[in-house]
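Comments concern the structure below.
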Amino acid sequence: MPDINELLRWSIANSTAPDTDASEQLQIRFNPNSTQSGTSTLHASDSGPPDISPASTPGPVTPDDGSSLPLPPGTEVPVTKKEDLTTEMLDLILGKGDSITMKEKMAFATDENNSVEDRVEALDDFEMLIELIDNANNMPILKLWDPLLTLLSSSHPEIVAHTCWIIGTAIQNNIKAQAAFYIHETFSRILEIIYPPSSISSYPPSVRAKATYALSAALKHWPLASYALYTATSSAENGYSVLRRGVNDPQAIVRRKMAFLVGTLAMQSGERYEGEIPSEVRNYIEENEKNAPSESLVEGLKREGVFTALVDGLKQGVDDVEYEENAMRALVRAHQKGGLTVSEKSDLKTIWEKWGKQGRQERGLDGEDGKEVSETLSS
């Protein structure tokens, strides 16, 4: 690819009009804009000094008829060879289109002959591109979902983590990309990264956290979230049971995200998607709704014991204020939608009172948020 100096040389060599030959380029024309001389005197009646201005500067005796000063005899006129503007030069000037760059980055990332570090860098670049919703929606057209999903089976944890990160970014708050995610049957594969089958070693916390991020993005605002959790199977577990395990996961980064996700699902339970739905996505949703259970998200979470597991986690006192904040918020939302039993509500109220003013402040639940919790648990 040409460097910037080569590009500048090309632009200079090709910047003249095509009908001007080299000799004309070196001739200098003078067209004074006024009859005013190029020198000045103290009084208007004084005569000006002799013209000693160079040829390039208009003076009193400079030709004013537009004639040219020819080159001295024997002067050789250099011939400039013009070059065609190449694709590489255009790429350097304008930059490659995102679609081309996305395909190149994915091809590089899936090539195992490249180093893991370089492949991860390519995935980083790809993730930045699909932050734009149009690029994320173009992934099916560019046939990039299939090669991306092959990376979920990589033996390198950092490759798997970045793949989950890309998936989460692509589908977050993007119903069209969410549909592509489910069409490619990716949901169960994400669950298996969070809780692999017994025959597969567990992934590091950083990988499982990225997979939980992708799980959250797949469910948030998705009209068929309850259906996805009910039907998806991973190691003989459905999505609801993965959430139940997740809220008490031994790894703090995972259980915090799981508790937050449960709160998000409780909040969106019973709500209808209000955004615009493309026709192809609407057709997919309507077709799958025929087989979907009638239960809401809160009903499914309650049936599977997810709320009970969260209450148990708070009762155990894991010394993790971020987790406890997320769990309390999730359970309050669940109670507001009828998701807690009388016993669970009583246990939650006891925990809330035990925290006291200082404990609530430590967990970010003072002020208006704390007032809402107190009122909800007292109702």
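Each residue's number is its place along the chain shown, starting with 1.
Backbone N, Cα and C define each Cβ position, glycine as well.
Copied over from Swiss-Prot:
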- 29-44: compositional bias 'Polar residues' (COMPBIAS)
- 29-80: region 'Disordered' (REGION)
- 359-379: region 'Disordered' (REGION)
- 133-172: repeat 'ARM 2' (REPEAT)
- 175-220: repeat 'ARM 3' (REPEAT)
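Helix, strand and coil content of the repeat 'ARM 2' (133-172), in residues and according to DSSP, is 29 helix, 0 strand, 11 coil. Here the repeat 'ARM 2' (133-172) returns a mean pLDDT of 97 for the predicted model. Under DSSP, the residues of the region 'Disordered' (359-379) split into helix, strand and coil as follows: 16 helix, 0 strand, 5 coil. Here the repeat 'ARM 3' (175-220) is broken down by DSSP into helix, strand and coil counts: 32 helix, 0 strand, 14 coil.
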